[in-house]
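Undergrad: Below you will find the structure I want to go over with you.
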Amino acid sequence: MIKLVLIRHGQSLWNLENRFTGWTDVDLSEKGLSEAREAGAILKKNGYTFDVAYTSVLKRAIRTLWIVLHEMDLAWVPVHKCWKLNERHYGALQGLNKDETAQKYGEEQVHIWRRSIDVRPPALTEDDPRYEMNDPRYKALKKGEFPLTECLVDTEKRVLAYWHSEIAPKLKNGNKVIISSHGNTIRSLVKYLDNLSSDGVVSLNIPTSIPLVYELDENLRPIRHYYLSMDGEVPEGEIPKHITF
């Protein structure tokens, strides 16, 4: 049996401020740092270890992974960073307060932008100071690859491309893998692994910094999945307590 651990980064400063974050490189809040330490302690207590780790190029996911591995005495584990594991790009909404945006555009419209799978928010323009194309971490991207906005389908496409090319082969070769990433990135993976319908993924929420374990067969088909706590598996249907959506 193959085990895969997914973890959404701890609470970020913009989670705390209720802002759309997307590709903006925001760090963890104090609560987020504490959540990451707790996640590492949970994994260590439950006897987990890893051979390889994957994360995005955004510091909130990177720092969460560093802290988790440090708490587990696994700082030596190879870490692979890739922009394809970044959060969904929220376009012109990035940096805006979610409540204020709902007041401006209407709650229904903002709900559609956030939760539908195929509707993109308004795009950034290339002259917008939030446009990240010139950031050195993205120098390998061609202009047509760089998003100005994304829907969940767009996010899923790049996430699964990286899954099939890099992560799945490692799992099939017997490596113990952890992925530290973002809410919509993990939603995309869960949608794929569990073969969720569009309606099923709309209501799917991923809590911050609580390990989500997938047990997979040799073809990487899920046998079952569960969240972990200090006491072991969280019973089916119970939502972990600290959640930042």
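Backbone N, Cα and C define each Cβ position, glycine as well.
Relevant sequence annotations retrieved from Swiss-Prot are reproduced here:
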- 8-15, 21-22, ARG60, 87-90, LYS98, 114-115, 183-184: substrate binding site (BINDING)
- HIS9: active site, tele-phosphohistidine intermediate (ACT_SITE)
- GLU87: active site, proton donor/acceptor (ACT_SITE)
- HIS182: site 'Transition state stabilizer' (SITE)
Undergrad: Let me know how many other Cβ atoms fall within 10 Å of the Cβ of the residue listed as 'active site, proton donor/acceptor'.
TA: 26
Undergrad: If I take the alpha carbons of GLY22 (substrate binding site) and GLU87 (active site, proton donor/acceptor), what is the distance between them in whole Å?
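TA: So the Cα of GLU87 (active site, proton donor/acceptor) lies 5 Å away from that of GLY22 (substrate binding site).
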Undergrad: At the level of the C-alpha atoms, what whole-angstrom distance separates ARG8 (substrate binding site) and HIS182 (site 'Transition state stabilizer')?
TA: 5
Undergrad: Measuring Cα to Cα, how many Å separate the residue listed as 'active site, tele-phosphohistidine intermediate' from the residue listed as 'active site, proton donor/acceptor'?
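TA: Given the Cα positions, the residue listed as 'active site, tele-phosphohistidine intermediate' is 11 Å from the residue listed as 'active site, proton donor/acceptor'.
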Undergrad: Tell me the Cα distance separating HIS182 (site 'Transition state stabilizer') from ARG88 (substrate binding site), rounded to the nearest angstrom.
TA: 8
Undergrad: Work out how many Å separate GLU87 (active site, proton donor/acceptor) and HIS182 (site 'Transition state stabilizer') at their Cα atoms, rounded off.
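TA: The Cα atom of GLU87 (active site, proton donor/acceptor) is 5 Å away from the Cα atom of HIS182 (site 'Transition state stabilizer').
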Undergrad: Whose Cβ, among the recorded positions ARG8, HIS9, HIS182, has more other Cβ atoms within 10 Å than any of the rest?
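TA: It comes out as HIS9.
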